[in-house]
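Only one structure is covered here, and it is reproduced in the block below.
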Ligand SMILES: Nc1ncnc2c1ncn2[C@@H]1O[C@H](COP(=O)(O)OP(=O)(O)OP(=O)(O)O)[C@@H](O)[C@H]1O
Ligand SMILES: [Mg+2]
């Protein structure tokens, strides 16, 4: 009973992890960029959702109408204006530093604008829930999970069925060959980055529905997310999604015997295990269908 | 008129000394031109300049009589120049189908894309057989054929092949060379770079030896094959069949 | 709202960064204590820096105390004069401040600064000079195991004792009604945890079984799993050793699982003005210990609330009440001993406080030898749309509702 409840909670949490990890995976796949600021953008989107609800009094989900295109644009600018100018040899290292700085800037601005006070969206349906085979499913968690599933599905269709998706995958896998078939790889990479950041907008909104936010919260997220993309096989979106579900589930189940503090370490244990046993990741593999 | 012509090209990477120092080559329509030279001579660099991946520092790149100097790969492709890179360059995690169709990325006409796909499938039977496999799971020779098929999707006037036989067994190598001939017979000019120089020259119409960034010697392939000095320096020993002319 | 322990951590981080020389002020002529002279009370408070918000709250409490006392003719017929220095939330600074106040400014009395971290070093200075040291913030165990003989914490209880009234109430219930099982979830923080564990110790000793005992890190935002564990164990009662936001999150998570305990007690969160809205008004029956309530029926409290409103245009909160209580405790000792100056008088004040009970705005206070208060917090309960005092019986505004209605 408790186990089943934990499984349900774990899957709901894993869905959110999967969406967030998808963005990180895109950046790394496209550009070998380690995007430390991803979770800072996530929290930024959560704040914007909270602000929308608190100040404008409308449903936080509506904030996505603005944040998704905004973040997409910001992603394109960030990639074209900053990251694409880095030298390939030092790209990964430098991207860590630059995006670290961006994360600090976002955190600082959030603290300045909204103070360090913890915030939580107050929703009429915040505590509503229903029963599913004996487990309780909270409506807000289900909405967050639904958002994650829908966005991941959209991402999948985009990557698999559209001209842009094909171009993006080709750019990720072999940039020179992509240019030789006529793909404007620069623009494609910029859009790809924007897409990654757009997932942060959706993820942040989903996150804001059922959790407390504060400016430095992103440090709490980036570690597990990084662990997920490594375990999932760097650069593989389905791998990251699978890793996210498994680790989300593991975290939820391990809380039963170990408590919250220790259950969090499952991410790092998985990370070290991956690096030691199977550095190419447990889900992506050396060669697997990445989308 | 030649399909593509490089005139007195200087080219190199970053701020390093130029790799090509006044190099010229010409690929007439309907011919296979073979470019040979030692490792690091700049053969791949020639193809990168010809395909627009690398802009020349000076000199000219003419395509079908038009000056295309400084144009990027997209424009070169539109002019009918396609490059198959050295080593493996399939999109490994996409299916053969996706790889081949991406070759026609610039084709807006769906019907034409389908027609070309049918054509290359016929030209390279393996491609059709493995249509739904992941490209990265194919053998080296099969991948090379996928790359050929991909480059032929736009019906190019000239194909630049960078060491297509690298790493292939003799049988696969033969297949590749057969296909070079078939491509020429289908009306596509070919600029071929090969380590397997003797074999390549036997297939080619014209030959060109590149050393120290310049043309060392060029002419009909048969003449180069017969040149004893070249044989020793660039073609791996004396020609087996013909005795040296003294 | 503010936990001393959390501030402590901040102070540790901050104290390393600032070191400023005490500026030489003072020089006022305060020799002796003739009956015409005012009684000068020296205080160091964090008026700037990290703790400036609660620091200013305590300052208002002290100011209200001085004004209310002076308006009634002062203490021993002498007016009270406050001498407040700003320690900039800096522990190094606070020692220098009290050295200056006692040594060079020759104040008659000193009272404590704000935050646990600052209480210990300043109490030490006061001890060296043999001064009475009543302080408004210093609930952590470390304050009481330093061997201070001159220190008194002017609040009803330390964290461990917050729930004492509730424990007494529950253990006195007949066997059939007494909760049989309890789940505890506490933040990994000495203050928050102390409240829950204080209750746990007493209930366990009384034979009430602990079925879940969870500790979560302060940065926890997802309470789904903890709540699931609690809900699955179906305990009669749930106790949260919480601060504000974690308390809200945990309650929401429990409600999402539709867990309906017979009793739910959380520290800090339920007394916040934001609380009801934060959990969508599903507050029914939630309990919380509180150190101060404007509605508490203690005699001096009515006067305090009324006059404070007139002076500051707002109602007093816990910080202000703590400052005011400190003043009341000192005043009671001064009145009884009939003196207020440095020297032998101080020991008289200390001795009197060790043997007597003082009526304050937070109820009657008395202390053990270490200065630890011997009381407990009042227990408030959400009944209808309001939070009301339900325990102890002599302070209650409403009867406790047990078992609590569904939330
Ligand atoms: N991307 C690059 N950046 C910098 N230098 C390069 C780059 N590619 C090639 N070079 C240098 O240019 C020179 C020529 O290289 P190129 O690849 O054209 O030789 P190649 O004739 O194709 O050799 P191989 O037979 O080994 O393929 C070499 O010295 C090489 O180090
Ligand atoms: Mg080469």
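Positions of Cβ are set from backbone N, Cα and C atoms, glycine also.
Here TrEMBL flags A:6-26 (among others) as transmembrane segment.
What TrEMBL records for A:33-52 (among others) is transmembrane segment. Sequence-distant neighbours of the transmembrane segment (A:33-52) (same chain, 6+ residues past either end, Cβ-Cβ under 8 Å): 20, 23-24, 27, 58, 60-64, 66-67, 71, 74, 83, 91-92, 95-96, 99-100, 102-103, 106-107, 110, 113-114, 119-121, 193, 196-197, 200-205, 207-209, 211, 213, 215, 217-219, 221-222, 225-226.
If you look up TrEMBL, you'll see A:58-78 (among others) marked as transmembrane segment.
Per TrEMBL, transmembrane segment is recorded for A:90-113 (among others).
Here TrEMBL flags A:133-159 (among others) as transmembrane segment.
If you look up TrEMBL, you'll see A:189-209 (among others) marked as transmembrane segment.
According to TrEMBL, the feature transmembrane segment maps to A:221-247 (among others).
Listed by sequence, the residues of this chain that lie at least six past the ends of the transmembrane segment (A:259-277) yet keep a Cβ under 8 A from its Cβ atoms are 223-224, 226-228, 230-231, 243, 247, 250-252. Feature annotation from TrEMBL assigns transmembrane segment to A:259-277 (among others).
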### Summary
Stretch winning on C-beta pairs under 8 A with the transmembrane segment (A:6-26) (pool: A:58-78, A:90-113, A:133-159, A:189-209, A:221-247) is A:221-247
### Query
Same-chain Cβ contacts of the transmembrane segment (A:221-247) under 8 Å, 6 or more residues past its ends?
11, 14-15, 17-18, 20-22, 24-26, 28-29, 34, 36, 38-39, 42-43, 103, 152, 155-156, 159, 172, 264, 266-268, 270-271, 274-275, 280-285, 288-291
#### Entry: Considering the transmembrane segment (A:189-209), which listed stretch of A:58-78, A:90-113, A:133-159 counts the most C-beta pairs under 8 Å
A:58-78
